[in-house]
Amino acid sequence: MSLNRNEEALLLQLPKVDLHLHLDGCVKPGTLLELANEQGVSLPAADPEGLLPYMQVDDDCDSLVTYLSKFDFVLPLLQTPEALERVAYEVVEQCAEQNCKYVEVRFGPQLHRIGGLSASEVIAHVIKGLQRGEKDFGVIAQAIAICMRHQGIQENLEVIEAASQFTGKGLAAVDLAGDEANYPAELFRQVFELAQERGIPVTIHAGEAAGPGNIQEAITKLGATRIGHGVRMRESAEVMELVRRQGIVLEMCPISNIQTKAVSSWDAYPIRDYYDQGYLITVNTDNPTVSGTTITKEYHVLMEKFNFTLQEIAAIILNGVDAALLDEQRKQAMRQEFQRKFAELEI
Ligand SMILES: O=c1[nH]cnc2c1ncn2[C@@H]1O[C@H](CO)[C@@H](O)[C@H]1O
Ligand SMILES: [Zn+2]
């Protein structure tokens, strides 16, 4: 089914949220060029279009590991206070362009320390950029600190300690990301025990490049209340029941999930089944630059490939509002604002 122009326009106009977006996955090519100039680094192309192939996956992406290789290109340039603050600020700007009113921006503090910053300093600079963006663009933006699977326990404990200084002060949660197939969730029990001790909300990438066992482990042992992707949940009836019983939110990222081969094709993508069965699904971008997407485009795909109606899309957006790791008062205000806007758009 292709969309008519009215539907296209409505998707852009709808107020939206993005709960799963990586800072280093949405750097604009033009910004990377300027950062390279400022830092005296030479890049393989001198214009944004020429750089894009180094930053974005193509149709040949065969796995999560291939997908993740794209981050190696941008990370060396995201090592200074100025660069971190700038890209964080520009994420908020990109959200505003899509009428995305609330965003949680995640990043791995340990990935930005080559220039000598501490994990706490990295978090502080990102939050500063986000908060400047909040003021200029009227979007609410919070940070999520990521523990990386390929890193050791000590480095990840350090991320949790640093994050705990900012929880509720610009930082919403901690996460675990990276190569899921080779580093199962159970390796990180000690790390997320500390997060739970410190009272930091937990979301975990699971069921993307490995089976439902990681989702189960994330919920029952690591304290996750939200799961990044969760695509492979359907391989276990037991895990599906656990997710339902505990009201776990799935942060699905359709375009990324196809590219990383979490599923083999759109036909096999379970989002319609999960929605119809009453799971708390949300729709997110993951990495706008790496995946060549926007939050509007993700909803477009839902309508085009899965016949979601605008009413259903509004319901998914409200799932996202409810799942936001934000104080109740601001969440309530956002919910009311969104409902008013949906009514105005006659949805
Ligand atoms: O979909 C994903 N699954 C797992 N890890 C991811 C995904 N997208 C990005 N990252 C990883 O998270 C790091 C910090 O943002 C990125 O550098 C990348 O390695
Ligand atoms: Zn992700």
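In case you wondered, yes, glycine gets a Cβ from its N, Cα and C as well.
Any TrEMBL annotation is an automated prediction that lacks curation.
TrEMBL lists 15-338 with the feature domain 'Adenosine deaminase'. Feature annotation from TrEMBL assigns Zn(2+) binding site to His20, His22, His205, Asp286. According to TrEMBL, the substrate binding site annotation covers His22, Asp24, Gly178. Annotation comment: TrEMBL describes Glu208 as active site, proton donor. Residues or ranges marked as site 'Important for catalytic activity' in TrEMBL: His229.
Features as recorded by TrEMBL, highlighted on the structure.
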residue : record                    : contacts (Cβ under 8 Å, 6+ apart)
His20   : Zn(2+) binding site       : Glu104, Arg106, Thr203, Gly228, Glu251, Cys253, Thr282, Asn284, Thr285, Asp286
His22   : Zn(2+) binding site       : Val105, Arg106, Phe107, Ile146, Ala177, Asp286, Asn287, Val290
Asp24   : substrate binding site    : Phe71, Val74, Leu75, Leu78, Val87, Phe107, Gly108, Leu111
Gly178  : substrate binding site    : Leu68, Met148, Arg149, His150, Gln151, His205
Glu208  : active site, proton donor : Leu64, Glu180, Gly228, His229, Gly230, Val231, Arg232, Asn257, Thr260, Ala262
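In this structure, the recorded positions that sit close to ligand 2, with a C-beta under 6 angstroms from any of its atoms, are Asp286, chosen from Asp24, Gly178, Glu208, His229, Asp286.
For His229 (site 'Important for catalytic activity'), the count of additional Cβ atoms within 10 Å of its Cβ stands at 27 [all protein chains shown].
Among the residues the record lists as binding substrate, namely His22, Asp24, Gly178, the two farthest apart have Cα atoms separated by 13 Å. Within 10 Å of the C-beta atom of Asp286 (Zn(2+) binding site) sit 29 other C-beta atoms, taking all shown protein chains into account. Highlighted in sequence order, Leu23, Gly25, Leu68, Phe71, Arg106, Phe107, Gly108, Leu111, Ile146, Met148, Ala177, Asn287 have their Cβ within 8 Å of the centre of the Cβ atoms of His22, Asp24, Gly178, the residues recorded for substrate, and are not part of that set. Classification of Asp24 (substrate binding site) by DSSP places it within a helix.
Annotated Zn(2+) site His20, His22, His205, Asp286; additional same-chain residues within 8 Å of its Cβ mean position, judged by their own Cβ, are Leu21, Gly25, Arg106, Ala177, Gly228, His229, Glu251, Cys253, Ser256, Asn284, Asn287.
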